[in-house]
Amino acid sequence: MSENQTSAETWTVLRLLQWTTDFFSKHGSDSPRLDAEILLAHARQCSRIELYTAFEQEPDAEQRAAFRELVRRRGEGTPVALLVGYKEFYSLRFRVNEHTLIPRPETEHLVIEALDCAKLLQGKSLQAASGDDRGAPLQVADIGTGSGAIGVSFAVHCPSAKLSAVDISEPALEIARWNADQHEVADRVDFVVSDLLESIDSSQQFDLILSNPPYVSESEFAELDRTVRDFEPKTALVSGPAGTETIERLIDQARGRLKSGGRLIIELSPMIADACVKIAEQFEEYGQTRFVKDLAGHRRVLSIERR
Ligand code: GLN
């Protein structure tokens, strides 16, 4: 065997990435190269960046076996985030598992809107000449927190805020707790098991209520990619026949829980955007509404002012 042949047949990092990228692109992945890199880095216990200086290296037999297994499961549809146990969101790493929705990049727009609103509210509070609320920490709720992606990212970037991380699922809250700990905000977070705001003490008033609730309709769910449909928690995705059911309950409940001037900020799908604004407009407690679009130009976040 010549020198050249040997190197051509050696499973270097580069060849593994090339082969796997090709395999994933034939197996329905939207981001085949990225998936291959994340999985190979995981199998080699290194960072993705380190792969780039290791193209010519040969992972050992154990690493190759671990990688093969990950590639097989990804090929069967398992999301990369569930294979490696984490997902990057808002430049932070979030642990995820089968009990939590995998954070999506679109949801970062909600965090940005929430942080913008927080700045305005804090500015107003500082300007206030007097009053008990002057300079008081913002009270913020993340309803249906799941992995804690929204609430924890918000808390990291708004160091004075106090957060209620709420979820109907206890196993999801455990993951949120872990993530809050990891990002050193757990001392400012209350974890509450509740169906939306139902079990939250009614005396508690919030400056901001944030939520990425289930908003997929039953019929849309049937059409979702199997990577989502077969592997992510249905309760975190599906709301009911219309998709608006959970948002409607949340808009209704939040009226009595927001401070005057506070905001309810909800992720939604463009399909139900008009219906959701109409729901908010039925209630006299709510004032101005605005949408934030995602990078695809779709209305993705509805921000509603409490008069
Ligand atoms: N954006 C998600 C999806 O389409 C849905 C998230 C949700 O229902 N909150 O997979």
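The backbone N, Cα and C atoms fix where each Cβ goes, glycine too.
Remember, TrEMBL labels are computer predictions, not curated facts.
The shown structure was predicted, so the numbers you read here are calculated from the model rather than taken from an experiment.
In sequence order, T100, L101, P103, D167, S169, A172, I175, A176, N212, A236 constitute the residues six or more apart from G146 (S-adenosyl-L-methionine binding site) in its chain with CB-CB distances below 8 Å. In the three-state DSSP assignment, the secondary structure recorded for G146 (S-adenosyl-L-methionine binding site) is coil. Summarising the annotation, TrEMBL assigns S-adenosyl-L-methionine binding site to G144, T145, G146, S147, G148, D167, N212.
Residue environment of N212 (S-adenosyl-L-methionine binding site) contains 26 other Cβ atoms, counted within 10 Å of its Cβ in all protein chains. Under the heading substrate binding site, TrEMBL lists N212, P213, P214, Y215.
Residues or ranges marked as domain 'Release factor glutamine methyltransferase N-terminal' in TrEMBL: 16-85.
The domain 'Methyltransferase small' annotation in TrEMBL covers 139-220.
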From G144, S147, G148, the binding-site residues whose CA lies within 10 Å of that of P214 (substrate binding site): G144
Contacting binding-site residues, sequence order - T145, G146, S147, Y215 vs ligand 1, Cβ under 6 Å: Y215
Spatial neighbour of Y215 (substrate binding site) that is closest, considering only the binding-site residues G144, S147, G148 and their CA atoms: G144
Candidates G144, T145, G148 (binding-site residues) with Cα within 10 Å of P213 (substrate binding site): G144, T145
Among G144, G148, P213, P214, the most crowded of the binding-site residues [Cβ within 10 Å]: G148
